[in-house]
Structures are given as structure tokens and as C-alpha cells.
Amino acid sequence: MHEIGEHLTTNTGWDIIKNRYEAAQAITEGSNFMIGNGFMGYRGTFAEDGKDAYAACIVTDTWDKADGKWEELSTVPNALLTLLHVDGEPFIMSEEAASFERTLDLSQGVTSRKVSQRMKNGATITIHEEKFASYRKKHAVLMKYTVESDQDTDAVLDTGIDYDVWSINGDHLQGHHYFSHPTGDGVTAKTVSYEDTVTVVETCSLDADASEEDYQNPDGSGRTFSLSLEAGKPVTLEKAMIIYSSNDVDNPQDEALLEAKHMQSYEEEKAANRLEWDNLWSHYDVTIQNNIIDQVALRFNIYHAIIATPVHKSLPIGARGLSCQAYQGAAFWDQEIYNMPMYLYSNPEIARNILKYRHRTLDGARRKAKRLGYEGAYYAWISGKTGDELCPDFFFKDVLSGRDIRNHFNDWQIHISPDIAYAVKKYHQVTGDDAFIRDYGAEMIFEIARFLASHAVYKPMRGRYEFMRVQGPDEYHENVDNNAFTNHQAMFTLQAADELLQTLDEKTLSAVKEKIGLSDDEISLWRDMLANTYVPKPDKHGIIEQFDGYYDLETIIPAKKVTERLIKEDEYYGYPNGVTVRTQCIKQADVIQLFVLHPHLYDRKTVELNYEFYEPRTLHFSSLSPSSYAIVAAQIDKVEEAYRNFRKSVMIDLLNTNEAVSGGTFIGGIHTAANGASWQMVVNGFGGLSVHGDDIHLSPRLPDAWDGYTFKAIVKGQTLEVDVTKEQITITNKSEDRKPLTLHIFGEKSVLDSERITKSR
């Protein structure tokens, strides 16, 4: 047993175990111990839990705006609700339980609970409950619920479908229509704003003699089993919950009933699901030698990154995954910058699917640009079903006055578009997938370049183009000019567009130009911008100013001293009147993020100087920030500092270190971008993996806390396994059809033209 945190342990490096029940941790543990499969996320709650315990099943592609303000994914009726009464007394979880253990088995995506509790009649009741969301049947989540008594007693099990579920911003389903089938019940309802049909069907079987009586009321339907528990003889209830919507199939009820009819036993479905998880881990697992806590924390994060990612069709990865409705189940820049790299190097088809979502929603980006007076594609800061902007104008409240704060995430944070162009270019660079560029990528990059050209302001007195009234990754400083990260990303996009204009075959280029109406005058403008756009460069001290006027702001070091200026603990720190706005205190990596994306852009000395300048000015109040600093610290051989940030990042959810409410808005749930970044910290950070031009670069560093680590990466269709120990680095080409690859290991050029190459450290 290895201790992760208070009452939190692991046995094998594949399990998370909590051995104390704490009612106050319902939000956190509901997220941490959740199950999912990219189609749905079922929170890690218990069978008897309702909305007061934040029980919910969140389903992809069910966006709705029930309250007229927030468009978010719907929580669907819960078909696993099971209530136990023993001799008339309800079984209710107590912090005084005789024994309690809950486990998340990362290896196969199973969450479980085993609890023993003494009832008023003297019987000690033991419940063993486990659930999983099937990767074999992505519309199904299954539960096995076993109850045992140490003495003979009467019991009642109420099990069915709970319609009255937890939802952050209104009830999204209406007009619930009940129906039954041979092995259970079902319900069909419609979303409020889009009128999409959602069907939930349950199957139910009990392995004991019991009388059965159906029930139906406005809050749900199901059946009541009345039975006698014999001392020492367990009774098991097996349930499946099957979910379909009209966004998946034409007739959700028929499809759900058909799947229910062919559902196998819990153990058979669990075995099939285990095979699917074996395959998933063969792609994504990163092993750490001789540090089981870091190992399990890393796997915990990778697990949550996996289950948050839709793979059944092109849909976004939500900023809170499918753990809750916070951030609306929609994509931010996180998707391409923090989540996609793991897929890019481990399972490129998923990376392709992520980018296809951005192509599918290109019209939404065009609509946003046009609405705001621009051309081309200005991608939504918060993007859901259609790519239209979901980010409200008023995201936070001023907790001092109670008034809404007008934030400008949705109209000033323009870097979202060049970030997507960056992801397209990086995908092509790593995979060599020319077909994607022809069919999707070129159109996206050209439309983003078109947007940037329409946004840029030409300053005749300075003879240059500038990007004004923007907001960089540091969200506390809005309405700034020439944010260094934004301007660099814009130039990267224009360069990518220019390269495509020169390298695409004539037929493809003509077709894309005709499709989007791209003129020669526009192309000339792009090339003029390439030559004359202002890009902040290192000053005489080697520092890149984050934005115009940043140096004029008040210096507060360390940055967290700014918290002493708060009047109320939960007030918003940022624009327009937060305590950081007139200071150099920044929310998260901004200039430093530039070095994460472009590790070869500046020399090491420049990176070091900027790291040392910005790190003490960074609050790290975004879950995205520690991972960015970890990656860059590893690049410049601040290995132990990188390791400290690695630990901080991978423990954000496990140890619940980030706030659930900011500026009066609920932002709880799993931090999906930090989950994805956990993989990057090892592979791109400590491993130093990058692709620059046609070559692969590796510069592996090893924290003192580890004896070694191993990861896989797919580059140009070749699967590499990188094994790092204290003595050496071994790179093995695991591909069946091996091809020569040019490597740069610590800057020394090598050609991997055999099975493996070994270098001393």
C-alpha cells in the first residue's frame, strides 16, 4: 500500500483507493472516480445517490440552453439508481461506516465501492458495487450491485430510472415518456432548445427470489424487489444503462431496445471491455521506474484524458471532459494545445479526428468572424456542436457588487485561430498525412490567415502591422496590444499558408482557392504581412515583453503576494478591475507557452532568461500552467524544478488543489487539459521529443526521483520506443516495416536505420 495523499493510496500503480468516506468530497470524488468512454461520462457516485450528491451521466452531442444563457451538454436520466432498505431502514452512507473502500481500476476503467455498515436492527450490511462504461458498446454503462447481511433480515431494493438529475444550468430534458420492455424500463425525452430526442433504457436482473412491483411517478420509474436476505448469502443485482440520441441514430428508442436485447451478463461485458482497455493502454501508457506514486498519478491523468475524448465521431474534447457540465462540454484552445499531442504521437487517427471537428465547424468560425466584422475563420473560444461561439459575454460575477463582469474571452482572445492552424501544421509535420492537408487542412489555414489579415492593423508611421485589443493565454490581462504569443502564432500561420501556396499541387490549390474565393490581392497582403508584421523580440536584457506596456505595470514578486489585496476570497482576479490587472502578475504561462510550442524558435539562453523572468510573476492559477513550466524547465535542464511542476500538475485533481468556483461561477470537474498535458510533460518535457523539419529531436532528462521511464511515439508512420535510464538512452523502432529516421540526440545527429540505437547519458 503506497500513500498518495490523506486516505488515498495505490497498491499496484494501476489503482486509486480511498479508504474513508467523506460526504464533503462528493464533487471531487464524483469526478475523480468517474467512468467514461468518450460518448458518455458517468460520475463516480454511488448507486443510491441522486442529484444532491451530484450524480449525473453527461452525454456528448446533447447541447441545450435550458436557462437561455448557458448552452451545455445535457445530463440524462440515471438508469442505475438503486435504493436499499433493510427492515424498513434506508441504507444511507455514513462517515461512521464500519469499513469503506472505493477503488478506480485504471487498467480496465472500473469504479467500485465496498462498504459495511451496521443497521438499527443489528444487522451489518455489506454492499459491493462496481460500474464501467463500455468501450465495446459505447452507448452502455453497466453496474453490478451485491448486498450481503451477517444475519437474516428483510430487505427492499428500489431500482429504476431517475429523471430528476443534477444539472448546473437548468433541466435540459422535457416531456419524459415512459415505456417498458421485457427486462426493464425506458424513457424518451427531448432537449428544450434543439428538441433532440434522448432515450435511456435499462436492463435489470436479480439472482434471488423476490416479489416485484413496478412504480412510476414524475421523477422516475422502475421496480421494487422485496426479498429476504439470508446470513452470509450475497444477492446480486445486475443493471445496464443504454443511451442513444437522435444525433446518433434516426430512431434512438429502437436502437436502445435492440442493444438491451443483446446485452450479455455483467462479467461477459466486463471481459470484453478489458480487452478494449488493454488496447488503449498499449497506445498511451508511459512507464516510470521505481516511483509508484508518480506512476499512478500519471496513469490517472492519462485515463481521464482518454475517457474525455470522443472517438465515435468528430466532436470536441470538453475543458472538463465529461465529468460535469462546467465549461459547457465544449472545446477551448486546450483541445489542440494540451490534449491533441498525446494522440498525435500515440494514435494519429484520433488527432486527425480532433482536427476534422475543427474543419466540420469551420462555418461556425466564419460566422463568428463575420459577426464581429472580420473575414475568414475566427474560431469560437468555447466551441460545441456547430462551432458558433458558446462563450457568454458575462462569464463571471463581481462578488463585491453582485454585478456581472463583461469578459472578452469570446472576442479578444484571437490566438485560438492560429493555435488551430499550428495544430494542423504540426499534425502534418509529424504524420506526413498529405491527404488531410488536401482535403481539410489547407482550407482551414487559408481561412485563418484571412481572419488574421482582416484583424491586423497597419500603422503607417511605424510601417508595420500590429494585433491590437487582444488577450493572450494570460487571461487576467485583456485589451492589450501585440501580445507576443499571439503575434508569433499569427506569423506561424501566415508562414504555413505561404508554404502551402508554394507546395500544394496545382489542382488542389486551384480547388481550394475557388472554394473559398481566395484572391491574388489577399495573397499579396499575407506576404506583405510576413515581411512587415511586428513580432516582439528579446530586448537588450533578452526578455520578450508579454505585450505592449507590460514592463510599465507594477512588479510584485512573488506573484502570490497580490492575493493579500483581495477583499473577498472568491473575487475574480482579472479584467477589468481585479487585483492583478495593473500588475505584472499573470495567471498562467504566456511567453513561456511560446517555447512549449516552438522549442527551436529561440536559443537556450533566451529561453532561460525568460523563464527566470516570468516564473516568479506567474500565479499558476490555471491548471494549464504548471505543465507548461515543467516542459520548458526540462528543456533548459532545470530538471528538479520541472519535476516539482510535474508533481503539481498531475496532482491537481487527485489532491483537489484547484478551486471549484471562481467569480461566482462553478468551474469544478476534471481538468482535462492538465490530464492531457501529463503525457506531454514526460514525453516532450523530460524526454525532449520534438519534430523540427523532417528530423526527430530527443534530449532525455531524468529526475532524481525516477530510475527511468519508457514511452512510445509514432513519427512518420514509424513507432519508436524510447527507454531512458540513469546510464543510457535506447531508441527502438518497433515498426514492422522499418524505415530510416534521422535523429538528433542531445543535438548529435544519428540515423536510426536498424532496430535500435543506444546512447550513453
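Cβ coordinates come from backbone N, Cα and C, glycine included.
For Tyr327, Gln328, the entry in Swiss-Prot reads glycerol binding site, with the evidence type experimental evidence. The substrate binding site annotation in Swiss-Prot covers Trp333, Asp334, Lys587, Gln588. Feature annotation from Swiss-Prot assigns active site, proton donor to Glu475; the stated evidence is a curator's inference.
Features as recorded by Swiss-Prot, highlighted on the structure.
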residue	record	DSSP (3 states)
Tyr327	glycerol binding site	helix
Trp333	substrate binding site	coil
Glu475	active site, proton donor	coil
Lys587	substrate binding site	coil
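On the backbone, the CA of Asp334 (substrate binding site) and the CA of Tyr327 (glycerol binding site) stand 12 Å apart. You'll find the Cα of Gln328 (glycerol binding site) roughly 19 Å from the Cα of Glu475 (active site, proton donor). Cβ-based neighbour count (10 Å, all protein chains) for Asp334 (substrate binding site) stands at 24.
When every Cα pair among Trp333, Asp334, Lys587, Gln588 is compared, the largest distance found for this substrate site is 16 Å. Sorted by the number of other CB atoms within 10 A, the binding-site residues Gln328, Gln588 start with Gln588, the lowest. Non-local neighbourhood of Lys587 (substrate binding site): Asp474, Glu475, Tyr476, Tyr573, Gly574, Thr580, Thr618, Leu619, Phe621, Ser622, Ser625, each in the same chain, at least six residues away, with C-beta under 8 Å from its C-beta. Other residues of the chain with a Cβ within 8 Å of the Cβ centroid of Trp333, Asp334, Lys587, Gln588, the substrate site, are Phe332, Pro473, Glu475, Ala589, Gln593, Ser622, Leu624, Ser625, Ala673. Straight-line distance linking the Cα atoms of Tyr327 (glycerol binding site) and Gln588 (substrate binding site), rounded to a whole number, equals 18 Å. A C-beta separation below 8 Å, combined with a sequence spacing of at least six in one chain, links Trp333 (substrate binding site) to Trp381, His415, Ile416, Asp419, Ile420, Pro473.
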